[in-house]
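Accompanying notes for the structure given below.
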Amino acid sequence: MLPASFTHLICKKAFELGFDQCGVSKAELSPSKAKQLKEFIELDRHGDMQWLKERIYQRSSPHHLWPDVKSAITVGVNYGPNQDPLYNLQHPSIANISVYARNRDYHDMIKGWLKHLAQYILKEAKPFTQNEQIKVFVDTAPIMEKPLAQQAGIGWQGKHTNLVSRQFGSWLFLAEILTTIELPVSTASKNHCGSCQKCLAACPTNAFPAPFQLDARRCISYLTIEYHGSIPHEFRRAIGNRIYGCDDCLAVCPWNHFAQHSRHIKLQARPELQSPRLKKFAEFNEEQFRQFFAGSPIKRIGHIRFIRNVLIAIGNSNQQDLLPHVQKWHNHENPIIQESAHWAIQQLTT
Ligand code: B12
Ligand code: SF4
């Protein structure tokens, strides 16, 4: 058995590499998590995210994914913004991009750090162990990262379902290393939401049917990032100028009082993505879209969904001068773009 100080050693290395939070837990989740995931899927709250349904058994606990696994090292990276994340919402000619997507794709950034950490763990554990294995994950496998992070003492799942940290508030990315090594575990976090309900009340589309539960089909993050079709009419007005993701439930959390600016320059907003103009984005052809968003998570949604979102935001802007920027999309070959442009023109002219 490894000494308890081994976990401190791992986390010390994690901080040196660039992670801001670190903890170790058993690579098992309680059956209640599997039950909650099952309910979420049975109620169709995953919408079109079939990948959540397809590997539900593996997702419900890491040892279903990898039967020999013993321990999970969960790490967090602070992407705390250095400006008010809700500022853009007061300015309808601006395209609001959620904080996590205002610069580099975090997946690309932290993959190298995770690999280094994994190698370090294997090397340091070698005198105590034999033939152990280790794997790194950054959103690459069916793993429920938030409950694992809570078990590892990084924070707790708030009523908005995301992990809240005492040290960094709402702004943590999560990733894991799984290993067959039996590591000393950290103390799990307790929930500190108390009677607060701020995040539930802040949601523009009422996406929380109950505390700790999200109906993704109503979530602006899902609608603007994951959803491929025409945005349902009932949500269009509430989307406002949010063209990629949404931070409202995260931003209002009182625990952000303790939030800190990210120490990583690549996670601070690129100046041109902090408060970009809708007018500029409405002019992007596919090539310009690809070039401008190279290395950004936004490139993942592709040009069609991007323009769809920009058109909905322009429809909500009440800015007549944006009309010509919508009209050019009205005869586009893609029916989703055509329909979104038609709706935006109607909003601006009636
Ligand atoms: C699918 C997904 C989404 C979906 C669905 C979100 C969701 N809440 O499930 C959509 C597209 C909507 C989404 C949005 C966002 N996401 Co997302 N997403 C994921 C992903 C890939 C899987 C999450 C999952 O398993 N969902 C399934 C449901 C069942 O899980 P759950 O919400 O955790 O459900 C739990 C609770 O409902 C709870 N529960 C149910 N009933 C009850 C009752 C009680 C009493 C209790 C205590 C609990 C409880 O049990 C369930 C299991 O733990 C994870 C990465 C990963 N692999 O984990 C990232 C992840 C959760 N997303 C992340 C981020 C940053 C976001 C956004 C902030 C992005 C943005 N700005 O637009 C928003 C936040 C929206 C929100 N409030 O959740 C981060 C969150 C980091 C953190 N600090 O928690 C993650 C972890 C990615 C990462 N590696 O960093 N996301
Ligand atoms: S806003 Fe309140 S209820 Fe929501 S996560 Fe933060 S503390 Fe919990």
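Counting starts with 1 at the first residue shown.
The backbone N, Cα and C atoms fix where each Cβ goes, glycine too.
Note that the structure is predicted; figures quoted are calculated from it, not measured.
The active site, proton donor annotation in TrEMBL covers ASP139. Residues near ASP139 (active site, proton donor) in space but far in sequence (CB under 8 A, at least 6 apart, same chain), listed by position: HIS107, GLU145, ALA175.
The cob(II)alamin binding site annotation in TrEMBL covers ARG59, ASP139, LEU163, LEU174, SER221, CYS246, ASP247. Within 10 Å of the C-beta atom of ARG59 (cob(II)alamin binding site) sit 22 other C-beta atoms, taking all shown protein chains into account.
Of all the Cβ atoms in the protein chains shown, 22 others lie within 10 Å of the Cβ of CYS253 ([4Fe-4S] cluster 1 binding site). Annotated [4Fe-4S] cluster 1 binding site per TrEMBL: CYS193, CYS196, CYS199, CYS253, in sequence order.
As annotated by TrEMBL, [4Fe-4S] cluster 2 binding site applies to CYS203, CYS219, CYS246, CYS249. Secondary structure at CYS246 (cob(II)alamin binding site), taken from DSSP and collapsed to helix, strand or coil, is coil.
For 184-213, the entry in TrEMBL reads domain '4Fe-4S ferredoxin-type'. Per-residue confidence over the domain '4Fe-4S ferredoxin-type' (184-213) averages out at a pLDDT of 98.
Residues of the domain '4Fe-4S ferredoxin-type' (184-213) grouped by DSSP class, helix first, strand second and coil last, total 5 helix, 2 strand, 23 coil. Within 8 Å of the Cβ centroid of the [4Fe-4S] cluster 2 site, not counting the listed residues CYS203, CYS219, CYS246, CYS249, the chain contributes HIS160, ALA202, PRO204, THR205, ALA207, PHE208, LEU214, ILE220, SER221, ASP248.
On its own chain, LEU163 (cob(II)alamin binding site) has GLY76, LYS146, ALA149, GLN150, ILE154, GLY155, TRP156, GLN157, LEU172, LEU174 as residues at least 6 apart in sequence with a Cβ closer than 8 Å to its own Cβ. Closeness to ligand 2 is met by none of the binding-site residues LEU174, SER221, CYS246, CYS249, no Cβ falling under 6 Å from the molecule.
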